[in-house]
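S.K.: Have a look at this one.
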Amino acid sequence: MGNADFECPHRVAIPPSKPLFKSLQSSFKETLFPDDPFRQFKNQPLAKKFILGLQYFVPILEWAPRYTFEFFKADLIAGITIASLAVPQGISYANLANLPPILGLYSSFVPPLVYAMLGSSRDLAVGTVAVASLLISSLLGKEVSPYENPTLYLQLAFTATFFAGIFQALLGILRLGFIVDFLSHATILGFMGGAATVVCLQQLKGILGLIHFTHETDIVSVMRAVFGQKHQWRWESAVLGCCFLSFLLLTKYFSKRKPTFFWINAMAPLTSVILGSLLVFLTHAEKHGVQVIGHLKKGINPLSVSELAFGSPYLSSAIKTGIITGIIGLAEGVAVGRSFATFKNYHIDGNKEMIAFGMMNIAGSCTSCYLTAGPFSRTAVNFNAGCKTAVSNIVMATAVMITLLFLTPLFHYTPLVVLSSIIIAAMLGIIDYEAAIHLWNIDKFDFVVCMGAYIGVVFFSVEVGLVVAVTLSLLRVLLFVARPRTFALGNIPNSMAYRSIDQYPIANNVPGVLILQIDAPIYFANSNYLRERIQRWIYEEEEKLKSSGQTSLQYIILDLSAVGSIDTSGISMLEEVKKNSDSKGLKLVLANPRSEVIKKLDKSKFIENIGQEWIYLTVAEAVAACNFMLHTCKPNPAAIELQGRENMV
């Protein structure tokens, strides 16, 4: 390809067109099946395909035959360790969600068993999470008071958990997990930090022994509720809370300094519960303003299928709560699972995780559990305890079952202030200010997204914070799509490489040639911007050459190597750029158009319009052709046409 005197060594090939069905099939597979999960079924007999299918959807069937006694010993220790954390955390988080404390134990029994069968992570420890508990309390508490109508509130919590499970499972089955990816790392960091701050502030109710408290979650309402009831502060409760909080923070600090003693931090919550219960029992502190849990019903999870409030007038609120908590639970759980999987160099399937989370929450909603996910604190303890497989979740569930059957009366005297201390100690670890500083140093916009989510949660509400965070993240995506970057390229000395002049100041401009690289697909959303930006590049280059007295601009080379696709608006933009270039006596040249782009340019007749001899495989070949035309004193075809029009005038 080339003109009469310059022969380009390579020709840009136009890929053969595919049948419509085949093209749609390929696009569908690329979008929803990037990991090609069906490759293991190829060329397998029907019986083998059936077995592989069962192992795919129920991963425990795949790894259980290889399970060893050595693995069991490690999982047994890890399971008992996380059970010691699950019991006090479960009670604490249920209390945070304004649900009966026993539900926290129920939620650490059935869901871990379901996850152990369906989950793909070896390290994730399943249980209730603080942020989801706060969301349930915040969203449902606005519709139904958990104190005035506890039965309906409980039914709505089960219903919200059911719809969270349905939503999570559908995302996994339909392989729509990329929806969760719209919650960026910065979004989750700010949202979780804000929610943790709110949770800590709300625990002042338990620390100070207050009975009545606000249902609002913003910092102003919480502070007003705290300082508006100074006459009701109980010093006994405050002293007890500060002592246990100090103990928990000290054990956490010590475990960080000495990782081999991780179990000290893991056992600290249960130790606090035992010591607090003994202290209250021996001193009768419950008669002096220290509130206790009270009676916990013995026995394993009762069925709650009949409690699902599908006919309730508040069903829409339950669905909204379920979807929001489901997304947050997925985002946290999948992120935590992937983080720990990288340490052991194995891969977890995000879609399998979504199905596992969905099924365990559907099962949980029918067995008196509320929303569960994969909390970081419990998973970190499980990892540090040396777990090998998801059997550690089964061991934890067994330990919780024993607690439910025989040990619940022992928690009667557990002070609520200890639960508040456990929650505060856990939440302080979620407020990651170092990560926020890291965002500021690397990407200012990510920092703005993070702080937007944080401020929205802390000063307004959890919903506002979530909306602000998602809106800012989507705004960034739209900005990337609508305002793609364009770069002027220059030649790296002593090479055939052409790179951004901003990135490589040593790169040299090519006299008479402006080389521009478009760094994104060209769509209707950015076509007008790109047209105007290219025209500005041309204008600025002409002005610069004119002021410096250098060779006038003759050629515009567009490097399309980063343009993965183009639509009809983008093709119209290229046509307009060509017309504008022709009107100025400039010749438009294309370099390295990708497969989808060249195919559409061919079908739209743009190749005929620009001339196939002006489309090159690389920027270097395009520059060589332009230099040949310039150095042989051959006039630019566009300039000839422009001169002819001027002569006619």
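Count begins at 1; order follows the chain as displayed.
Using the three backbone atoms N, Cα and C, a Cβ is placed for every residue, glycine included.
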S.K.: Transmembrane segment per TrEMBL: which of the ranges 46-73, 186-213 is that?
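M.R.: The range carrying the transmembrane segment annotation in TrEMBL is 186-213.
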S.K.: I'm validating the feature mapping. Which of 354-373, 614-633 is tagged transmembrane segment in TrEMBL?
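M.R.: Residues 354-373 are the ones TrEMBL records as transmembrane segment.
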S.K.: Using a Cβ cut-off of under 8 Å, list the residues of the same chain at least 6 residues beyond the transmembrane segment (262-282) that approach it.
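M.R.: For the transmembrane segment (262-282), the nonlocal Cβ contacts are 81-82, 84-85, 87-89, 91, 240, 244, 247-248, 251-252, 254-255, 290, 292, 381, 384-385, 410-415, 417-419, 421-422, 425.
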S.K.: For the transmembrane segment (445-475) against the transmembrane segment (124-140), do we get 3 or more Cβ-Cβ pairs below 8 Å once near-sequence pairs (under 6 apart) are dropped?
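M.R.: When sequence-distant Cβ pairs are counted, the transmembrane segment (124-140) touches the transmembrane segment (445-475), since at least 3 lie under 8 Å.
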S.K.: Which range out of 124-140, 233-250, 354-373, 385-407 gives the transmembrane segment (152-174) the most CB pairs under 8 Å?
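M.R.: Going through each listed stretch, the top one turns out to be 354-373.
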S.K.: Restricting to the same chain and to residues at least six past its boundaries, which positions have a Cβ under 8 Å from a Cβ of the transmembrane segment (354-373)?
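M.R.: Those are 57, 94, 97, 99, 103, 106-112, 114-115, 118-120, 126-129, 132-133, 136, 157-162, 164-173, 177, 180, 301-305, 307-308, 322, 325-326, 328-330, 332-334, in sequence order.
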S.K.: Taking 124-140, 385-407, 413-433 as candidates, which has the most Cβ pairs under 8 Å with the transmembrane segment (186-213)?
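M.R.: It is 413-433, which has the most Cβ pairs under 8 Å.
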S.K.: Counting CB pairs under 8 Å, which listed stretch among 124-140, 385-407, 413-433 touches the transmembrane segment (233-250) the most?
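M.R.: The stretch I would name here is 413-433.
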S.K.: Could you count the residues of the domain 'STAS' (503-626) that DSSP puts in helix, in strand and in coil?
M.R.: 63 helix, 21 strand, 40 coil
